[in-house]
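Have a look at the structure that comes next, please.
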Amino acid sequence: MKRRLRCQQLAFIAMLLACLLFSGYQIKTAVAAVNNPQQTLMVAPVIPDDNQVKKAAGYYELQLPQTEDRTITVQAYNASAKALTVGVSILDAQTGTNGVVQYVKPKQVNRQYLTIAGSDLVKTPAQITLAPGETKDVPVVLKASKARPKGTYLSAIHLIALTPTDTANVRQRIAYTIGLVLHQGRDFQSLEALRLKQTSLVKRSSGFQLRYRFLNPERHFLKDATASVQLTNASSRFFSLKMQQPLSRIAPQTQFVMTHDIQGQKPVSGQYRLLAEIKQGRHLKTITQYVRITGDGKLIASSRTAFRLAQQKWNLLKVAIGIVVLGIIGFVLFRWRQHRKAKKSAEI
């Protein structure tokens, strides 16, 4: 009985200590969250009811206004104990390597292809000031126009602030990027205009890399596509190369590079047929080109005629090799029979 009583007392004391420890930990954590110097700028998009994607997606997808400018808002909150100056700007979309959207400053976009950028259609204040604990709506004005070309304009709202830290003369950079997909009319996603502009070869220390430069010249925002590229050697399928690459996002009116790394091999010279297929759902785009890899490892444009001529030469060479092999076999058999007859004659 005494042993059982002692066990119960020890269990009660352990439970009491555990409760005290856990309650103290919770209180301490709550205080730390309030006074955390790292929590400074907080941003949330105010999603309107006519947004074309769910609010949980966290970005805007809207039709552009036709007659009157429209204002949407982004809420910015200063959770620090000091005033914050927040820079506000609109970034434009470019397509990075292997089909990944990147947002860059308007000066960095290639205006040769992106003739009208999303930043041309949106206006924001250059900066706002937030007092400690203040929440403010940042206005984002969508400009109205009936004359602009139909299609999709892809951009992003960018908010950035430099916040103080515990270290003297050191400030922390906090930035938020919120997607802004704007449509003028309905966007029919199409692969028809997608083009393969250039194919190049780059030598590496332990192999080489093939680079395929694609162009999406239309105002179509392409999502969840897959590209496969096959290089077929005119002489032998043994030297052929094939790759497949998912292209998650291709921004309108941009060009991008798709790369294929080949490790531990050297490029084999010869004529090649390049077959590129881009699939998106039920849609399929097929591109055929002809290239040549030179003896020094350079890749240059070629033609269908040159590829077929190389195939014919290789086929003739195979026929010639076959004839020579058959001739050698026939000669060996003939000599063997002659030798056998001579041996039988000698025995008689």
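In case you wondered, yes, glycine gets a Cβ from its N, Cα and C as well.
Marked as signal peptide by TrEMBL: 1-32. Look at TrEMBL and you will find 43-159 tagged as domain 'WxL Interacting Protein peptidoglycan binding'. Residues or ranges marked as domain 'WxL Interacting Protein host binding' by TrEMBL: 167-295. Taken from TrEMBL, the feature transmembrane segment covers 314-334.
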What is the average pLDDT across the domain 'WxL Interacting Protein peptidoglycan binding' (43-159)?
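It averages 94.
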Determine how many residues of the domain 'WxL Interacting Protein peptidoglycan binding' (43-159) DSSP places in helix, in strand and in coil.
9 helix, 57 strand, 51 coil
